[in-house]
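Record features (TrEMBL):
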TRANSMEM  B:12-32  transmembrane segment
TRANSMEM  B:52-81  transmembrane segment
TRANSMEM  B:93-114  transmembrane segment
TRANSMEM  B:140-159  transmembrane segment
TRANSMEM  B:191-211  transmembrane segment
TRANSMEM  B:226-254  transmembrane segment
TRANSMEM  B:266-285  transmembrane segment
Amino acid sequence: MIGLKANFKYNICWFIIMITGFYLMNTLIMVGLVDSFIENMFVMIWINIILATGLNLIIGFAGQFSLGHAGFMAIGAYTTAIITQKAVSIGGFYVSFIVGMIIAVIAALLVGIPTLRLRGDYLAIATMGAAEIIRIIINNMKITNGPAGMFNIPQFATWPIVYVMMCITTIVTVNFINSRGGRVIKSVREDEIAAEAMGINTTKWKLAAFVLGAATAAIAGSLHASYLQTIAPNDFGIMESISILIIVVLGGVGSVTGTFVAAVVLGVLDTVLQDFGTLRMVIYAAALILIMVFKPSGLLGTREISIRRLFSYIKRRSV
Amino acid sequence: MQIFFQQVINGLSLGSIYALLALGYTMVYGIIKLINFAHGDIYMLGAFWGYYVINVWHFNFVLALLSAMVVCGLSGVIIEYLAYRPLRHSPRITALITAIGVSFFLENGMSYLFGSNARDFPQAVKQVNYNIGGVRISNIQLEILLTSCILMLILQLIIKRTKMGRAMRAVSVDNAAAELVGVDLNRTISFTFALGSAMAGAAGVMIGLYYNSIDPLMGLTPGIKAFVAAVVGGIGSVPGASLGGFLIGLLETLVQSIGLSAYKDAVVYVVLIVILLIRPMGIFGKNVKEKV
């Protein structure tokens with residue numbers, strides 16, 4: 001289903017690129033070009049990439065407009081916060097990952113099975129409502145410390161862990177998109193009725209994309225909680241879902257490369273504008289409107305950087 | 001029983017505010033299929049305008065209300081012209097993000113210009129409480145109910161009886177066909193934005209009077225709730241939006257009165273999801289059959 005074998009050659013190439021990136025980052029930190037401030041920026045960008053890639057899978061490839069990504073992120077974050085405070089060890093951290101993913105998958109099934117029958121904006125509103133319900137429940141539970149949130153969460157998520165998790169989730173998502181399953185969900189996106197007529201169980205595949213997206217959101221939530229060490233229910237409100245959606249749409253709906261570009265652009269913009277105080281969000285909003293008005297399909301549209309195409313280009317050149 | 005009726009009165013006052021906001025959502029969605037995220041912020045602009053004219057120019061309530069409607073109607077038209085019109089033929093998700101951008105812009109622009117602190121709304125109307133059979137009704141509540149009912153009636157008349165209203169209905173059914181029979185699309189859409197934003201402006205002044213407190217982020221939650229109300233009532237339907245607004249307002253106050261105030265938003269969303277699952281087109285929505 002994931003199609004790792006079929007794309008083995010390209011996966012190896014990406015793997016090499018990722019290892020190079022890792023050592024590049026490592027070297028930059030060693031020589032002091034990347035201080036803790038910039039490192040923090042990178043980690044937040046990577047977490048956003050995990051979130052936005054998962055949402056892009058749901059919106060861009062499966063064509064299901066979900067506005068509830070922050071809810072699944074909250075589940076991952078709170079699971080990690082609770083478990084690592086009880087069991088302070090790196091093992092506990094990894095266990096919390098798995099547990100958070102399982103809970104998020106169950107929640108995604110509970111939310112997805114009834115609501116994925118809806119279409120378009122109605123689905124968006126329903127998923128937004130579901131995410132708000134998750135947030136309100138967390139807000140009122142004792143174990144999550146209510147509206148005050150949780151602090152002093154032990155920090156296990158260092159930058160290498162976040163980087164590796166970003167690479168893993170991206171590889172899994174991209175391979176899913178390029179596999180049979182990915183072609184199925186793209187056919188559902190293009191025309192649900194035609195896909196159904198071809199014998200595709202559309203509900204099952206929509207749900208598969210939704211659940212995979214939710215699982216990656218939970219991972220991002222775990223990393224977020226463990227890296228920042230403080231979380232509160234209000235971090236996972238509608239605004240968080242919207243800011244993930246902004247990354248997806250700004251990069252181009254249906255382009256994973258675009259998601260990477262948009263996450264980096266917005267992350268850097270955010271850091272650069274930090275000195276402007278309140279004006280920062282005004283500039284940010286104006287930039288958002290202008291980009292959308294002049295580049296409605298997002299920065300990259302549906303274009304991707306693909307090693308497969310690079311290979312076939314080189315082959316054609318040499319013949 | 002007294003407590004119940006008291007809550008019903010409170011719920012109706014709150015509900016009429018939601019209903020006025022929901023009308024704007026439902027008309028704009030009906031006509032260009034856009035969730036106008038900035039609508040809640042127009043309502044905030046209305047409240048701030050009311051604050052300004054009552055404090056500085058000493059307007060009375062009616063004058064403040066009418067001027068806020070004009071100002072908000074104008075700003076709605078300007079926003080549509082600058083931000084949404086260039087995107088009319090691009091993917092709908094792009095327009096949605098632009099609407100979110102406009103919303104951010106208004107919220108943060110107002111925070112930047114006037115500070116993000118909450119401020120007290122001036123008492124343009126002296127509060128008088130009436131006691132009817134143990135149920136306390138203030139004149140402000142009555143005024144809110146009455147004003148919003150009048151506004152909704154006027155709106156219904158405009159949509160059903162005037163030429164512009166007929167054009168609006170035609171565009172919402174099929175904009176290409178409407179254009180073919182001579183409807184000026186741009187003018188109709190501008191008019192829709194003006195009407196919807198004027199309603200939001202009125203709601204803003206009234207909520208300022210009712211709650212006595214306004215701040216630049218006040219539009220966010222009521223905006224989302226009003227959209228929920230519009231969806232529950234059936235998007236594109238004016239009576240549906242009014243009914244949805246009253247329903248959400250009543251539900252919220254009743255849940256609050258039985259001691260579950262922490263869960264009042266959750267209940268609203270549960271009702272939303274349940275209604276969407278039973279009747280995806282909302283209570284008054286038309287069921288559109290899908291053709292292959």
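Every residue gets a Cβ built from N, Cα and C, even glycine.
Note that TrEMBL annotation is computational and uncurated.
Of the two recorded stretches, the transmembrane segment (B:191-211) does not lie close to the transmembrane segment (B:93-114), with fewer than three CB pairs under 8 Å once pairs fewer than 6 apart in sequence are set aside.
Among the listed stretches B:12-32, B:52-81, B:93-114, B:226-254, the one sharing the most Cβ pairs under 8 Å with the transmembrane segment (B:140-159) is B:12-32. Beyond the transmembrane segment (B:52-81), the same-chain residues lying 6 or more positions past its ends with a Cβ under 8 Å from any Cβ of the stretch are 38, 42-43, 45-46, 102, 121-122, 124-125, 143, 147, 189-190, 193-202, 204-206, 209.
Residues 32, 34-38, 40-42, 44-45, 48, 79, 83-84, 87, 216-217, 219-220, 223 of the same chain lie 6+ residues outside the transmembrane segment (B:93-114) yet bring a C-beta within less than 8 angstroms of a C-beta in it.
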